[in-house]
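Swiss-Prot annotations:
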| type | residues | note |
| --- | --- | --- |
| DOMAIN | 24-108 | domain 'DEP' |
| DOMAIN | 201-393 | domain 'Rho-GAP' |
| MOD_RES | Ser160 | phosphoserine |
| MOD_RES | Ser436 | phosphoserine |
| SITE | Ile231 | site 'Arginine finger' |
Amino acid sequence: MEHRIVGPGPYRATRLWNETVELFRAKMPLRKHRCRFKSYEHCFTAAEAVDWLHELLRCSQNFGPEVTRKQTVQLLKKFLKNHVIEDIKGKWGQEDFEDNRHLYRFPPSSPLKPYPKKPPYQKDVIKFPEWNDPPPGTSQENIPVRPVVMNSEMWYKRHSIAIGEVPACRLVHRRQLTEANVEEIWKSMTLSYLQKILGLDSLEEVLDIKLVNSKFIIHNVYSVSKQGVVILDDKSKELPHWVLSAMKCLANWPNCSDLKQPMYLGFEKDVFKTIADYYGHLKEPLLTFHLFDAFVSVLGLLQKEKVAVEAFQICCLLLPPENRRKLQLLMRMMARICLNKEMPPLCDGFGTRTLMVQTFSRCILCSKDEVDLDELLAARLVTFLMDNYQEILKVPLDLQTSIEERVAHLRRVQIKYPGADMDITLSAPSFCRQISPEEFEYQRSYGSQEPLAALLEEVITDAKLSSKEKKKKLKQFQKSYPEVYQERFPTPESEALLFPEKPKPKPQLLMWALKKPFQPFQRTRSFRM
């Protein structure tokens, strides 16, 4: 009898039901039986069905050896109600199946359960808040996109280092992170981790993301005691004092210092019944209705114990703090009772471990819509929780560290240079559009050369630069972008035209300076012969 492992994913409970029904119909031994002087072919007794199906479920890795015979009978009752089987006279539709010699058979056809139909979803990538995100409330439609081809001035700023200018840097504080931003980061990264562990393309069919409260996650991480138990801000949501005292009594048995009532024979059974009654009358299971599919999906990972523990850790972070606290206290009590050798038997028909699972599985996990396998799935989950509750109900440090580093990074200052992305002003909004392969090849080949050519022309025509500075920049440009430079100056003659040789100036005649300049009306001696 081989039961395929049903992995994590949407509708896992329905997939398990269909898998079990198919295997039961295909493998259940059928033979001839007599009843009231009449023979019936291809049928089986109720007891034979219970024996065979019980062994199948116990050997299945989807359910495990903790499945009881009583649970198997409950499942066969649901088989009878859903017309998976019928009695030998063709009656079905009610859960009157009992573990006896009554005869049953398979109907000609046994329709499998259909999967719930949901509208197709678009695969949305969980988005983390970024530095440049617009403030909350800004429309996300038609957000301008940076132009693909920059103008020469922007390119000049970007590549100023290549032509010899290093601009001064400055520190820029990004937009202040609000409390809502931080909460959204916690929610987004937590769900992203869960999605990655489950190996799903989307959590939409496993979890209603809108019902996930980021405040619960943050509270469950930081508001904890030294023992790791959640501390509630609202004390009205605490366990009643009498329930907490009863749980401490059984957890510390036989040292019950909290209870002042005198002990009597069977006292521990009454205390246990009090605790079971309180948890059994909760309005909602501790793992909540809306997280049922998420926890059932994680059950498909139990073959990889470490991965399953990580997935359960994250799922338990999504719980309301009061539910997480009640679950922590309950699991600690259950584990201590099972390990306590001095504890008297709490039930004559079951062992202590089986009793814990059967008593509390439904108040821990159940479906709002009464899924047919929810009892078996809940028992499987509670068994795993009891064995690993200390790890599962701890805060996952890897996730906490990653989120804290992310928040710190967004709050950190950043070094920016003039002309970097944040300084680009868009002349007109442009939007992404699909281009042809030919246009892509052209942009890849020539898209970057046009701004460089324009930049080179600006250097050439810049009248503010001296010839020496201009030659220096052109030499650096030639070294950085030889193809563009070669296209502009294909020959040495074309380069020489840029710097024509100036004619050498003629040397000026030196005039002798007179020692004594002429004075006005100065009389001169006449020489007569």
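Any Cβ shown, glycine's included, is placed from N, Cα and C.
DSSP assignment over the domain 'DEP' (24-108) gives 31 helix, 16 strand, 38 coil.
Sequence-distant neighbours of Ile231 (site 'Arginine finger'): residues of the same chain at least 6 apart with a C-beta under 8 Å from its C-beta are Ser223, Val224, Ser225, Arg325. Over the domain 'Rho-GAP' (201-393) the predicted model carries a mean pLDDT of 87.
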